[in-house]
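Okay, so here's the structure we're looking at.
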């Protein structure tokens with residue numbers, strides 16, 4: 001574990017009572033957070049407006065000179081409450097679709113990492129690199145049992161091996177599964193890809209800062225579903241090349 005060896009502790013992990021996103025490390029996740037914040041601003045305005053209208057109606061209902069039982073039709077208000085929500089939904093949907101398609105784009109990846117989900121661990125393969133035996137770099141990653149955890153390691157998140165990636169590099173993740181449906185999800189990187197048997201799904205990531213990033217399988221896949229974490233160490237290009245030479 002390169003970052004631990006260098007006494008560098010940069011972990012992006014869930015926090016107790018956390019109600020917001022983890023710090024973003026990719027443009028995709030930055031876009032997701034920005035879209036969420038912008039939409040939430042307008043949703044709060046809508047909530048306050050609707051709440052005020054409801055409160056006013058209930059408060060002043062007894063003073064209304066026109067009893068509601070005689071009001072059976074109101075074309076103007078019906079047009080307003082039909083068109084206005086539709087316009088709001090379109091305004092929300094337009095940037096959402098743009099971000100969705102941008103997140104699906106894989107732009108000239110410099111390297112590819114394959115992630116295969118199995119019950120209940122992950123297998124990784126660096127298909128662009130070959131070791132001294134003429135084989136691609138491949139390893140399996142298992143969760144560290146609670147009784148074997150060392151100081152600083154996280155329960156149900158730390159693994160015996162880590163995916164090591166260089167910083168500021170376009171990386172393509174190809175995700176699949178060998179048995180049942182899993183889900184490759186790393187919140188800080190804005191990655192969440194379904195791992196389906198017999199199908200290859202892909203996503204790209206440009207990780208912009210060094211650190212240790214954790215994720216969990218986000219698809220119920222059996223009794224040990226909670227024991228399928230993923231751990232990614234992002235290091236400098238020099239440290240990544242050193243790690244490659246050791247494989």
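Keep in mind that glycine also has a Cβ here, set from the backbone N, Cα and C atoms.
In Swiss-Prot, the feature transmembrane segment is placed on 79-101, out of the ranges 79-101, 102-124. Local packing around the binding-site residues 221, 228 was summarised as the count of other Cβ atoms within 10 Å of each Cβ; on this measure the leading residue is 228. Per-site Cβ counts within 10 Å over the binding-site residues 182, 225 peak at 182.
Residue 217 (Cu cation A1 binding site) sits 7 Å from residue 225 (Cu cation A2 binding site), taking the C-alpha atoms as the reference points. Mean pLDDT for the topological domain 'Mitochondrial matrix' (60-78) in the predicted structure: 72.
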